[in-house]
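Enquirer: Can you read through this structure? Questions will come right after.
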Amino acid sequence: MSDCIFCKIAGGEIPTDFVYRDEDVVVFRDVAPQAPTHLLVIPRCHVASSAEVKDSAVWGALMGAAVKVALSLGLEKDGYRMVINTGEGSGQTVPHLHIHLLSGRNFGWPPG
């Protein structure tokens, strides 16, 4: 999608310091972090939200990359949280599927 900022990041149109990338997924730091570690895990293909995923391989690629990055950074030692917002009412502000990978502070439950 030509006007999607995450598509532009994934496609290399916007310079980004990638934490991880492969043929299906890119991972980069959030510009407005909500934790000491706050990464975004996104598919290279455009999918507006989790409600629009048609191919289960997208989920496998996203979750696989998220866990691989978490382990490579040692986030499992103190714990981490993965969040997927779907739709404006949940707080999704960019209409491109993404996982927030957060760590480095205590998280309350319920969130909100």
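Please read every residue number as a count from 1 along the shown chain.
Yeah, the Cβs are placed from backbone N, Cα and C, and that goes for glycine too.
Sharing the record's features from TrEMBL:
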ACT_SITE  HIS98  active site, tele-AMP-histidine intermediate
DOMAIN    5-112  domain 'HIT'
MOTIF     96-100  motif 'Histidine triad motif'
Enquirer: What same-chain residues, at least 6 away in sequence, bring their CB to under 8 Å of the CB of HIS98 (active site, tele-AMP-histidine intermediate)?
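Expert: Non-local contacts for HIS98 (active site, tele-AMP-histidine intermediate): PHE6, LEU40, VAL41, ILE42, ILE84.
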Enquirer: As a quick check of your reading of DSSP, tell me how many residues in the motif 'Histidine triad motif' (96-100) are helical, how many are strand and how many are coil.
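Expert: DSSP composition of the motif 'Histidine triad motif' (96-100): 0 helix, 2 strand, 3 coil.
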Enquirer: So, by DSSP, how many helix, strand and coil residues make up the domain 'HIT' (5-112)?
Expert: 32 helix, 25 strand, 51 coil
Enquirer: Restricting to the motif 'Histidine triad motif' (96-100), what is the model's mean pLDDT?
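Expert: Its mean pLDDT is 98.
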